[in-house]
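**Student:** Got these off TrEMBL a minute ago, pasting:
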- 32-312: domain 'UvrD-like helicase ATP-binding' (DOMAIN)
- Ala53, Gly54, Ala55, Gly56, Thr57, Gly58, Lys59, Thr60: ATP binding site (BINDING)
- 313-587: domain 'UvrD-like helicase C-terminal' (DOMAIN)
Amino acid sequence: MSSYSEDDAFEAAARPLSQRAMPQRSAGPYLEGLNDAQRAAVMALNGPVLMLAGAGTGKTKALTSRIAHLLVTGTARPQDVLAVTFTNKAAREMKNRVGRLMGETVEGMPWLGTFHAICVKLLRRHAELIGLKSNFTILDTDDQIRLMKQLIIAAGIDEKRWPPRMLAGIIDGWKNKALTPDKVPLAEAGAFDQKGVDLYAAYQRRLLDLNACDFGDLLLHMVTIFQTHTDVLEMYQRRFRYILVDEYQDTNVAQYLWLRLLAAAHKNICCVGDDDQSIYGWRGAEVGNILRFEQDFPGATVVKLEQNYRSTEHILAAASGVIAGNKGRLGKTLFTEATGGEKVRLIGHWDGEEEARWIGEEIEALQRGTRGLEKVSLDHMAILVRASHQMRAFEDRFLTIGLPYRVIGGPRFYERLEIRDAMAYFRLAVSQDDDLAFERIVNTPKRGLGDKAVQTIQKAARTNGVSLVEGARIVVQAKLLGGKGLKELAQLVDGLDRWHAQVRSEADTHQELAEMILDESGYTGMWQNDKTPEAPGRLENLKELVKALDNFENLQGFLEHVALIMDNETEQEGEKVSIMTLHAAKGLEFPAVFLPGWEDGLFPSQRSMDESGVKGLEEERRLAYVGITRAEAICTISFAANRRVYGQWQSALPSRFIDELPEDHVEVLTPPGLYGGGYGAAGMAGSASPKLREESMSDLHQKAHDANVYNSPGWRRLQARGQQRGMAQPVEARNMVIDMSAVSAFTTGDRVFHQKFGYGVIEGIEGDKLDIAFDKAGSKKVVAKFIVAADAADDVPF
Ligand code: ATP
Ligand code: MG
């Protein structure tokens, strides 16, 4: 410890007299648990420090030890330290860790938290400088959108050209870049034309009138205050004597400026991060911030950490193999002393339900310790998904087998806003007495039926002792509302009657009906027109909801299932397996990790491939790296050969990232349930990729054989094993129908097949609805996408 005392003496001399007069406590055992590089980062208290290092190398541990060191040595008091983390969970964790390291509970640490949490606190103190009162309200997204809509209408702009949600997204982007309306550069404004900037300015003015701000303002206002009020900035530069930032690679421009302003005087800023884990580019994060650190803070101590303490060699090698595919990276060497252990396990499944079933069994086996491995507690297992809609299959499965789980970083599937809305429509289709459901959807999507209209409906219902749907009917008949609202209400009542009749007549499959309800009510359209980053996810969730219906006889049965799930909602004590998105898993670690859904189009996501090209793909690859490096001992990657969308099978290609896994560190568990040693005709017509769909079947076949993934060692191994063991065919495959997406290919007279009604001939075509004379079920109108050509149906390899 001699080097420690020298440094300590140096630091003591650098401290102000008032501090040096304080009694000092001796350094705790926290230093002993660190390697040399980490210790160097902890001890270099003054001046800028950058820890740029790979996953699991103990960056967060070093950062936390640094806080402990600052406090224990009396170099800083808790209130002198500004420590920023990315999530509330991480902030709580950090506070606890500091406490543990010091062997006592930490009093205070008022400035340890997320950017937003810290900025709210600051802004309350200085609100008046920006024209707000200190009791300002923070708007949620709904309020924000409503406000924007009012402004758009007031400006006489066509709402269709400037959908409020699109505007919200644009403004949010500007705020992430710390651009106030007067600072939006012409080039940027040009892309959205000057109107966007004018609306932004009007929106900001209106927020001030309302004594309100939105989420993005919290940082933006603080940056503005620091930039325009030197006295305030200087006060905080003096107060926050030491600044620490975790996950620095994911800061956006506003956060970066805020930090730079605060650190400008004393430069006691320690940032830790990993360029390979930058996964928030889509939200305005700039990985460049971390790469620029040494320019921003010349003379910075740069600490390299290379030993990974989290994962076994196989897991680390697999992660390194994948991330090596990225061009734009610094490149780091990582090693671990944890030699041996399980290789990364890879398994292909027939479909997503099969994947969920297998993972459920695997989790139970690990829990019992029957995998030839040590027992693993449920708390120590996690399923990390790319898209939140993937959670549905796991939640349904785990509820069925009674496996306790928790969803981290978001509501559980059936608690999501869009799912509750959609379910309310379904409930009303089944029972028109469901007043709660009616209240939920009467003005969702917006129908001009505000509080007043709802009161009129309620009054009509109460006076006549009938349900709200009946009340609405009375309002329509007696014309108790004016103009647009009345017309819309009439349409809604019509729709509800129609859907209710369809539920009873069972004319369509309940999946078709569900889809029809969501379309005809305008609910799907509402999210399609929504330009916020969450909207595509919500649409995916709706698709997933319709898919879930497939497991039930009818809507009623499904609603009962969900009601039971909701009843289970009360939090139970005890061990639980965690389900979360890869994004939410940042910084966390688990002994056993499952990574399902590694299929092109899902992961990497279709959008990242379509829209952002190489940049998007590289961010997805970093996400894969984050996923694998969460695992300590067991990492299982899986994919499904088929996914069902709207009850139709679509084949999926294994993710390109699978092919990038280094062979020596991967063990292939079982063959995928594929036919004839390749993707059978089953999948061909319904490829997930629209581009592929356009190609003819034989082309595809050829492509599939030529594609790298099929020639990869991993794939060949899959095939070889498959032949050895014979390919089991899951039961569900029997219900398989092919998605013939080429709707336009149908003409009258075509012979077609429908899952429920069997074979028939097309008699008429109206948009995407077809009149079909079915051999057995008679004449019916059905949605085109539920139909396949009869000869294609014959090809289904049952
Ligand atoms: P990520 O990039 O995923 O955020 P990280 O670099 O922040 O990872 P930590 O979470 O700090 O890594 O550490 C990973 C694991 O290694 C933790 O369980 C931690 O306790 C352990 N660890 C870190 N440093 C050491 C060390 N010097 N000796 C033993 N274990 C360590
Ligand atoms: Mg960390």
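Yeah, the Cβs are placed from backbone N, Cα and C, and that goes for glycine too.
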**Student:** Within the set Ala53, Gly56, Thr57, Gly58, Lys59, Thr60, which binding-site residues show a CB-to-ligand 2 distance under 6 A?
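**Tutor:** Checked binding-site residues vs ligand 2; flagged Lys59, Thr60.
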**Student:** Excluding Ala53, Gly54, Ala55, Gly56, Thr57, Gly58, Lys59, Thr60 themselves, which residues in that chain have a Cβ inside 8 Å of the centre of the Cβ atoms defining the ATP site?
**Tutor:** Asp274, Leu305, Asn308, Arg310
**Student:** So which binding-site residues out of Gly54, Ala55, Gly58 are up against ligand 1, CB under 6 A?
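**Tutor:** Ala55, Gly58, by Cβ distance under 6 Å.
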**Student:** What three-state secondary structure does DSSP assign to Gly56 (ATP binding site)?
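**Tutor:** For Gly56 (ATP binding site) - judged by DSSP and reduced to three states - the answer is coil.
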**Student:** Within the chain of Gly54 (ATP binding site), which residues six or more apart in sequence place their C-beta under 8 angstroms from its C-beta?
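**Tutor:** Counting only residues 6 or more apart in sequence, the Cβ neighbours of Gly54 (ATP binding site) under 8 Å are Asp274, Asp276, Leu305, Glu306, Asn308, Lys332, Leu334, Thr629.
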**Student:** If I restrict to non-local contacts, at least six residues apart, and a C-beta distance under 8 angstroms, what lies near Lys59 (ATP binding site) in its own chain?
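**Tutor:** The list for Lys59 (ATP binding site) reads Met51, Ala53, Asp246, Val272, Gly273, Asp274, Leu305, given in order along the sequence.
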**Student:** Just to confirm my parser: what is the rounded mean pLDDT across the domain 'UvrD-like helicase ATP-binding' (32-312)?
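**Tutor:** Averaged over the domain 'UvrD-like helicase ATP-binding' (32-312), the predicted model reaches a pLDDT of 89.
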**Student:** Return the single residue from the binding-site residues list (Thr57, Thr60) that has the minimum number of other CB atoms within 10 Å.
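**Tutor:** So among Thr57, Thr60, the binding-site residues given, the one with the fewest Cβ atoms within 10 Å is Thr60.
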**Student:** What is the number of other Cβ atoms found within 10 Å of the Cβ of Ala55 (ATP binding site)?
**Tutor:** 25
**Student:** Which one, from the binding-site residues Ala53, Gly58, has the smallest tally of other C-beta atoms lying within 10 Å of its C-beta?
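**Tutor:** Across Ala53, Gly58, these binding-site residues, the one with fewest Cβ atoms within 10 Å is Gly58.
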